[in-house]
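Trainee: Sharing a structure with you now.
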Amino acid sequence: MGNIFGHLFRVTTFGESHGGGVGVIIDGCPPKLEINVKEIQYELDRRRPGQSKITTPRKESDTCEILSGVFEGQTLGTPIMIWVRNKDARPQDYQDMAIKYRPSHADATYDAKYGIRNWQGGGRSSARETIGRVASGAIAKKILQQYSGVEIVGYVKRIKNLEAIVDPTTVTMEQVESNIVRCPDSECAEKMIELVEKIRDLGDSVGGVVECIVRNVPKGLGSPVFDKLEADLAKGVMSLPATKGFEIGSGFAGTTMTGSEHNDELYTDKLGEIRTVTNRSGGIQGGISNGENIVLRVAFKPTATIRKEQRTVSRQGEETFLAAKGRHDPCVLPRAVPMVEAMVAIVLCDHLLRHYGQCNTLKSENVYGN
């Protein structure tokens with residue numbers, strides 16, 4: 001239960017951190033989409049461990065294999081299976097966690113629910129599960145880009161109390177990828193790297209915020225009431241490990257404004273398109289995309305597994321202490337950027353297919369544009 005995401009573009013992830021490998025089955029991808037391993041591998045390389053001095057030292061190439069659904073470089077319209085083998089697992093590092101629960105991790109809750117758990121690296125609660133999401137996101141990005149030139153750019157906005165100054169309307173992927181922390185504000189990025197290294201040396205961890213902007217979004221994605229676009233985006237990104245908050249557009253800051261201050265006034269541009277003067281709605285109104293940029297932010301807590309000794313209990317309820325071993329990120333933010341982008345792409349791709357299935361079967365004129 002809970003391993004499948006989406007309606008028409010359906011993603012099913014499988015595998016565990018220290019098992020044979022992890023992967024994904026993607027159902028509902030349109031046929032004849034040109035896709036190759038290199039495009040998927042590019043996104044996985046942005047997510048993989050061991051990529052810099054501020055990420056987990058676990059050495060995994062995360063080399064992907066496409067096992068089905070693609071023939072001669074094109075999708076078949078049938079389920080696509082992508083597989084990544086685990087090659088640097090060290091289950092012995094987690095022996096203490098077989099009997100001791102990590103504070104603020106999924107150990108105790110998994111035991112409470114299932115009565116059994118894979119304590120080697122956390123099993124399904126490990127961030128290695130997100131490999132399948134990022135691989136799926138690469139395909140979703142390709143569909144969105146081909147349809148209307150959709151561009152999704154995520155970046156680290158804040159780590160602990162260090163906040164970058166970034167204009168989301170102009171930020172580029174090149175700026176994001178110019179440093180190991182994936183923060184387009186180069187001056188702030190240097191401070192962030194220093195902070196993460198300092199915290200890591202103390203055996204501790206830090207959290208922060210990833211901001212994501214989506215450009216060239218088609219109008220009309222999303223549905224009223226239960227399937228609002230922002231609700232599905234929230235579900236998608238909040239299903240990622242370590243997430244603790246979500247906001248879109250003005251978010252919580254909008255609560256300090258009056259209606260006249262917050263409303264996005266309308267105008268007609270030179271092409272006759274209805275546009276908004278401001279974008280406090282974050283590109284979505286009434287649960288439906290309005291064609292403006294979608295801007296969202298996701299809060300990530302500090303990594304739960306740390307070397308610093310903390311009080312906990314055993315499976316038998318006995319009070320004890322745990323200084324976690326193993327290899328873990330002192331800050332998940334740099335590797336979380338492609339994860340957020342992937343979930344945003346999956347949600348938008350799913351809604352694009354749903355929109356066309358409902359609204360373009362019988363063509364009709366729409367006064368609000370295409």
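Including glycine, each Cβ sits where the backbone N, Cα and C put it.
From Swiss-Prot, for reference:
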- Arg47: NADP(+) binding site (BINDING)
- Arg124, Ser125, Ser126, Gly286, Lys301, Pro302, Thr303, Ala304, Thr305, Arg327: FMN binding site (BINDING)
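I'm curious about the neighbourhood of these features; can you describe it?
Mentor: Sequence-distant contacts of Arg47 (NADP(+) binding site), defined as residues of its own chain at least six apart whose C-beta falls under 8 angstroms from its C-beta, comprise Asp62, Thr130, Ile131, Val134, Arg335, Pro338, Met339.
Arg124 (FMN binding site) falls within a helical segment according to DSSP.
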Trainee: Could you work out which of the binding-site residues (Arg124, Lys301) has its C-beta surrounded by the smallest number of other C-beta atoms within 10 A?
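Mentor: With the binding-site residues Arg124, Lys301, fewest surrounding Cβ atoms within 10 Å: Lys301.
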Trainee: If H, G and I count as helix, E and B as strand, and all else as coil, what does DSSP give for Arg47 (NADP(+) binding site)?
Mentor: helix
